[in-house]
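K.L.:
One structure, as structure tokens, below. Some questions next.
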Amino acid sequence: MIPRPQPHSGRWRAGAARRLTSLVAAAFAAATLLLTPALAPPASAGCPDAEVVFARGTGEPPGLGRVGQAFVSSLRQQTNKSIGTYGVNYPANGDFLAAADGANDASDHIQQMASACRATRLVLGGYSQGAAVIDIVTAAPLPGLGFTQPLPPAADDHIAAIALFGNPSGRAGGLMSALTPQFGSKTINLCNNGDPICSDGNRWRAHLGYVPGMTNQAARFVASRI
């Protein structure tokens, strides 16, 4: 009997990274079907009660992306708190290794906010390749991916919730859940039935169908935690 690689082994991580790469490439092929999203409004001056740090999906213009914008709009409707936003700065193209650029940018911003706005509750989110970006930020560093800005342990307390949509790690061995148990209870990881990026389905429309049902669901989850 051939032994299977265990979840924290180098072989397991390398295999998960390869599977994520192929899934993100597939998401890129479907990205042309996405509607052009509105850019996120700028956050108000000073430190907000909460801030959403969101990584958009493959092929979307800079900003929060369509799913991120809908999620933030719903969250604002469900709470009387001030909600700031930050769109993760990364290429969001077909090169999965560029997701590490987004992870470094998100981590740097999270650490800046934790230092400058200590009372602000941080919400991390991502759609499709953007969900993989957040996986990298919150997971143990993966060798060879170019992630060089791991979060210090003190940052964990500032992260109130994580909302992920169409996450490729759902088909790559559950990367996030295996490596980041401390965030498990804070995370809502949504996958549409039939979405080929996060499940074994083959319905590309499912990958584009997170608004408004699941963005509202995620907003309800997050609103109770900020």
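Glycine residues also receive a Cβ, built from the backbone N, Cα and C atoms like all the rest.
As annotated in Swiss-Prot:
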| type | residues | note |
| --- | --- | --- |
| SIGNAL | 1-45 | signal peptide |
| DISULFID | Cys47-Cys117 | disulfide bond |
| DISULFID | Cys191-Cys198 | disulfide bond |
| ACT_SITE | Asp195 | active site |
| ACT_SITE | His207 | active site, proton donor/acceptor |
K.L.:
What Cα-Cα separation, expressed in whole Å, is found between Cys117 (disulfide bond) and Cys198 (disulfide bond)?
P.N.:
34
K.L.:
For a quick check of understanding: among the disulfide-bonded residues Cys117, Cys198, which residue's Cβ has the most other Cβ atoms within 10 Å?
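P.N.:
By the 10 Å Cβ neighbour count, Cys198 comes out on top.
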K.L.:
List, in sequence order, those recorded positions among Cys191, Asp195, Cys198, His207 whose Cα sits within 10 Å of the Cα of Cys47 (disulfide bond).
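P.N.:
Among Cys191, Asp195, Cys198, His207, not one has a Cα sitting within 10 Å of that of Cys47 (disulfide bond).
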K.L.:
On the three-state reduction of DSSP, what should I expect for the residue listed as 'active site'?
P.N.:
coil
K.L.:
Quick one: among the disulfide-bonded residues Cys47, Cys191, which has the most Cβ atoms sitting within 10 Å of its own Cβ?
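P.N.:
Of the disulfide-bonded residues Cys47, Cys191, the highest Cβ count within 10 Å belongs to Cys191.
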K.L.:
According to DSSP, which of helix, strand or coil covers His207 (active site, proton donor/acceptor)?
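P.N.:
Reduced to three states, the DSSP call for His207 (active site, proton donor/acceptor) is helix.
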K.L.:
Just to be sure I understand the packing, how many Cβ atoms besides its own are within 10 Å of the Cβ of Asp195 (active site)?
P.N.:
27
K.L.:
For His207 (active site, proton donor/acceptor), identify the closest of the recorded positions Cys191, Asp195, Cys198, judging by Cα separation.
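P.N.:
Closest by Cα distance to His207 (active site, proton donor/acceptor) among the recorded positions Cys191, Asp195, Cys198: Asp195.
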K.L.:
So how many other Cβ atoms are close to His207 (active site, proton donor/acceptor), meaning within 10 Å of its Cβ?
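P.N.:
Result for His207 (active site, proton donor/acceptor): 27 other Cβ atoms within 10 Å.
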